[in-house]
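Here is the structure we will look at, set down as structure tokens.
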Amino acid sequence: MEAHLDQEMILVLDFGGQYNQLITRRIRDLGVYSELHSHKITAAEVKDIAPAGIIFSGGPRSVYAEDAYRCDPEIFDLGIPIFGICYGMQLMSQHFGGTVERAGHREYGKATLTLNDPSPMYANLPLEQTVWMSHSDLVTSVPNGFVVDGTNVSCPIASIKNEELKMYGVQYHPEVNHTMFGKELLKNFLFEVCQCTGDWSMENFIEIEIAKIKEEVGDKKVLCALSGGVDSSVVAALIHAAIGDQLTCMFVDHGLLRKGEAESVMKTFADHFHMNVIKIDAQDRFLNKLKGISDPEQKRKIIGNEFVYVFDEEASKLTDMDFLAQGTLYTDIIESGTDTAQTIKSHHNVGGLPEDMQFKLIEPINTLFKDEVRELGKELGLSDEIVWRQPFPGPGLGIRVLGEITDEKLEIVRESDFILRDEIKKAGLEREIWQYFTVLPPLRSVGVMGDERTYDYAVGIRAVTSIDGMTSDWARIPWDVLEKISVRIVNEVQNVNRVLYDVTSKPPSTIEWE
């Protein structure tokens, strides 16, 4: 992932911690651009990026172990301010000659931090504050030149500083909400230590991205994959703002869309925005490929590959089509696995592309989280209907029908999902609930309808609250609204006699079921 040129940024090095993406988000929320990069990045690469500051993330390993994640030691010699969090503080301490050992017991949860001669990192903060600890190791002796400026009963070296080198470390996690003044600590690192200006905004992002798209594309043409979701819609609007009629949008109706989706896409982009939109009817082609396939990863790969093959075939009929634009998000890349994390699930936008694909990929929003994409859509002048459209995965209903896909199952999900969205909107909850949809598990149950025994499908409802999709909680939909949804589904959708409600957060679950 490329850093944005001519723009101050904070570089976050990924050492595998569960809160790493939160660090990046917190920094952006403070008006400074930030990106998460592998700990394997070289000092030369860091120098080229020229960040205003560097943050070492937390991580699950021990710095003294053979399999410890390390960074290029020359990064410490670049003269760039460094802030180490948890594992990051331990790594920095070890590098400069400090000692890191196994703690007597793991410390996890809230703790009280007491400050002594605090650094600029703690400017205007109380000398005693609540922080969030999550560690099994601790620094037992600080390196020469470093001073302890924060202690805790269970962790005597909870915060360290070397003001001459502008290097700071904390054993706790300022990026989580449980740390009372965590946001203020990060703010002080950005503005007191790194001297950032805090001028990053979505308006600024648009200006930079339009310039980048113009430079990258030149006088060539771009083919944009429209899916009907907010991500591809925003990508189309952004690229159209940059290159106008050099953009052609292709909308593939793969038979896995929500009710009314195809008509809505054509009306919005072809009629309202006057974009060049080509509609491809490929329902039979996709569904034939998916016959007999139950494994979710296989389904994702098949749908992703078939998308590209269709585009490849259709684009060959067009002239000078060099680029394929996709609505890949930052969360897509993160969830598809990094050096330090296992793949949770492959995303259609970052996996399954054939090696002989004729296009060069252009992914202008792949550094943004979902809520930032919505903000971008507003800045680009998209309607609320588009901006607040429910998130919809590229594989569509193909991963909301669990197991093998059939026409009957697709119709059940399509109709039940329409009812859910309709009732949520009627209840005025569409802005309060981050994402909501129905799924069809491979499950039948006994029921009674009209004095007759039934043996029909159970429909699952998934509704979550979230900010960026990295974590989420199940939505507390009022009981009366759930009752209306349930009654309508079992009465209006054929072959359904039961409705289930998913009350699991992320983690441990993902938002989508497949």
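Cβ from N, Cα, C; glycine included.
Residues or ranges marked as domain 'Glutamine amidotransferase type-1' by Swiss-Prot on the basis of sequence analysis: 9-199.
Per Swiss-Prot, the feature active site, nucleophile maps to Cys86; the stated evidence is sequence analysis. A simple way to gauge crowding: the CB of Cys86 (active site, nucleophile) has 26 other CB atoms within 10 angstroms, across all the protein chains here.
Neighbours of His173 (active site), defined as other CB atoms within 10 A of its CB across all chains, total 24. Summarising the annotation, Swiss-Prot assigns active site to His173 (among others).
Annotation comment: Swiss-Prot describes Glu175 (among others) as active site, evidence class sequence analysis. Glu175 (active site) is surrounded by 26 other CB atoms, counting those within 10 A of its CB over all protein chains shown.
What Swiss-Prot records for 200-389 is domain 'GMPS ATP-PPase', and it gives sequence analysis as the kind of evidence.
The Cβ neighbour count for Gly229 (ATP binding site), using a 10 Å radius over every protein chain in view, is 22. Look at Gly229 (ATP binding site): DSSP puts it in coil. Sequence annotations record features per position, and here Swiss-Prot assigns ATP binding site to Ser227, Gly228, Gly229, Val230, Asp231, Ser232, Ser233.
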By Cα-Cα distance, the member of active-site residues Cys86, His173, Glu175 nearest Asp231 (ATP binding site): Glu175
Euclidean distance between Cα atoms of Cys86 (active site, nucleophile) and Ser233 (ATP binding site), Å: 39
Number of Cβ atoms other than its own within 10 Å, given for Ser232 (ATP binding site): 25
Residues near Val230 (ATP binding site) in space but at least six apart in sequence (CB under 8 A): Lys370, Val373, Arg374, Gly377, Ile386, Val387, Trp388, Arg389, Pro391
Sorted by sequence, non-Ser227, Gly228, Gly229, Val230, Asp231, Ser232, Ser233 residues with Cβ within 8 Å of centre, ATP: Leu226, Val234, Val235, Gly327, Arg389, Phe392
Ser227 (ATP binding site) and His173 (active site), distance between Cα atoms, whole Å: 38
